[in-house]
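Report on one structure; see the data block that follows.
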Amino acid sequence: MATYEGKVFTEEQEALVVKSWTVMKKKTAELGLKFFLKIFEIAPSAKKLFSFLRDSNVPLEQNTKLKPHAMSVFVMTCESAVQLRKAGKVTVRESNLKKLGATHFKYGVVDEHFEVTKFALLETIKEAVPDMWSDEMKNAWGEAYDRLVAAIKIEMKACSQAA
């Protein structure tokens, strides 16, 4: 079982994550964009963190660079959650994890950004699978997200110490 700060990512949590991801996988482009639109709705200033959005006057929904980025982040986050228990740890490829840490450090991502992103992720999943949604599913996805963020923060800290 995957453990993290004394918590265990259970078989039941894994089943909830896998079941919902199986449904969501069919709509990753749409859900990824919804996910990011929620982030920017909650925290409009987060747009400044993305170079391709800073000077753009194009509506977010039509930004050709946002859509693929949003889908990529959504898929990576969900796949990481699905693999968590099986691997016993966050399974973003090591080189990607280092890159994620470096990128998040470079652009000045802080705890509040991760919290907004978590809220947006959970809301996106809730809307994507309303018939499956429960407190247990919310907790399972929340736990998986928290572990991914913890792994990214470790890499961010390594970057800050190297700077």
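Cβ coordinates are placed from backbone N, Cα and C, and glycine is handled just like the others.
Within the listed segments 7-19, 20-32, 46-58, 111-123, Swiss-Prot records motif 'Homodimerization' for the stretch 111-123.
Looking at 41-45, 96-100, 126-130, 131-135, the stretch flagged in Swiss-Prot as motif 'Homodimerization' turns out to be 41-45.
Under the DSSP three-state reduction, LYS65 (heme b binding site) is assigned to coil, being neither helix nor strand.
Packing against the motif 'Homodimerization' (41-45) from elsewhere in the chain are residues 112-113, 116, 119-120: each is 6 or more residues past its ends and has a CB under 8 Å from a CB in it. Under 8 Å from some Cβ of the motif 'Homodimerization' (111-123) lie the Cβ atoms of residues 35-36, 38-39, 42-43, 46, 49, 77, 138, 141-142, 145-146, 149, all in the same chain and six or more residues away from its ends.
The most densely surrounded of the binding-site residues SER51, THR103, judged by C-beta neighbours within 10 angstroms, is THR103. Recorded residues THR103 (heme b binding site) and LYS138 (site 'Homodimerization') have their alpha carbons 27 Å apart, per Cα-Cα distance. Sorting the domain 'Globin' (8-157) by DSSP state (H, G, I as helix; E, B as strand; all else coil) yields 121 helix, 2 strand, 27 coil.
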